[in-house]
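Chemist: According to Swiss-Prot, the protein has these features:
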- Glu19, Leu20, Glu79, Asp283, Lys353, Arg360, Arg361: N(1)-(5-phospho-beta-D-ribosyl)glycinamide binding site (BINDING)
- Arg111, Lys152, Ser157, Ser158, Gly159, Lys160, Gly161, Gln162, Glu192, Gly193, Phe194, Val195, Glu200: ATP binding site (BINDING)
- Glu264, Glu276: Mg(2+) binding site (BINDING)
- 116-305: domain 'ATP-grasp' (DOMAIN)
Amino acid sequence: MGTPLKSNSFRVLFCGSGELGKEVVIELQRFGVEVIAIDRYADAPAMQVAHRSHVVDMLDPVALRSVIEKERPNLIVPEIEAIATPELVKLEQEGYRVIPSARAVNLTMNREGIRRLAAEELGLPTSPYRFAGTREEYLQAVAEVGLPLVVKPVMSSSGKGQSTVKTEADIERAWEYAQTGGRAGKGRVIVEGFVDFDYEITLLTVRHKEGITFCEPIGHRQEDGDYRESWQPQPMNDLALQRSKEIARAVVEDLGGYGIYGVELFVKGENVWFSEVSPRPHDTGLVTLVSQDLSEFAIHARAILGIPVPVVRQNGPSASAVILPEGSSTEVSYTGLEEALAQPGTQLRLFGKPELQGRRRMGVALALGSSIEDAREKARTAASSIKVQF
């Protein structure tokens, strides 16, 4: 490892500069890494802690290549879906190193690629699904899958463009929202049948130089396609946990590379279904900032740098609750911090996002408790204490 801002520096470039990337940037800088952050807008969270930043349309392959060739990073770390991933494949072929790999990024940032890999190549259990690229194909897919179902753009995250279709009256609206709400604009959708599950988990799965390490399962509650709260550890029976690890291992081993993967799974009794996977820290994993001795961000930093990842120690029942205001402002301010942090074992992260347009995740409350329910209650109370001023 060299010295930041010197000729011998080890440089990491982040494609995307959100709150998850911000935490990884901080962890990398603990190891003396020089970090460059890029995104489509200025002053994004990770930009605020990086050594330097660039505003780039990451869906433009020419613009993306230009900034990468200018910076010549040792590692390229994609943080969001809206990236010209075929260009990353070309850059990797030219000698750049993409985390965890350009193939993994290309597959996982497109729901069609990863679902076909999991269900059709690896033979893993999933919900029933169809893909559609036109309105006519969509209507046919809805008829084949049957109601109720979920419609998602193949390129989106955090619930953007996602709808639940329970009645025929919802069908047309879901198609239109998928075409306008996805991060990459109009395009193909996945029509996904409901799975009758007891709960859903994120299994953080780390692929590093010494093998694969699993964190304790994270339970979470979704609303409108985005997570509202998460907790760790999620209680599971032994067989369900074993099957979850087998599914996660199969996916992560196939995708390869080093780093942390957030593997999303549905669980009912002893049965487990694969849902999705992200090749980077997961938003539900924000809870690991208090629940583990090494957060998912610290683990990711170690793994991508080729540093061994030891057994991760759990700190006890922990929870996170999202701060999710709705409004419009370019000068957001917050009150209620003293009240939010009054309880022992409670922490807060305000992400520093430069503007609020509509509904946006602006922070998260974190709590340790005597039980999962105690931790969840403390986190929810802390989150609700924060008042967002527009």
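Glycine is no exception: its Cβ is also placed from the backbone N, Cα and C atoms.
For each listed feature, how buried is it and what is near it?
Modeler: Around the Cβ of Gly161 (ATP binding site), 27 further Cβ atoms fall within 10 Å across all displayed protein chains.
Spatially close to Glu276 (Mg(2+) binding site) yet at least six residues away along the chain are Arg111, Ile114, Val263, Glu264, judged by Cβ distances under 8 angstroms.
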Chemist: Using a 10 Å cut-off, grab the number of neighbouring Cβ atoms around the Cβ of Glu192 (ATP binding site), all chains included.
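Modeler: Result for Glu192 (ATP binding site): 23 neighbouring Cβ atoms inside 10 Å.
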Chemist: Quick one: of the binding-site residues Gly161, Glu192, Phe194, Glu200, which has its CA closest to the CA of Lys353 (N(1)-(5-phospho-beta-D-ribosyl)glycinamide binding site)?
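Modeler: Closest recorded candidate to Lys353 (N(1)-(5-phospho-beta-D-ribosyl)glycinamide binding site) by Cα: Gly161.
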Chemist: Would you count the other C-beta atoms found within 10 angstroms of the C-beta of Phe194 (ATP binding site) for me?
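Modeler: Its Cβ has 17 other Cβ atoms within 10 Å.
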Chemist: Give the distance between the Cα atoms of Leu20 (N(1)-(5-phospho-beta-D-ribosyl)glycinamide binding site) and Glu200 (ATP binding site), rounded to the nearest whole Å.
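Modeler: Distance (Cα to Cα, whole Å): 21 Å.
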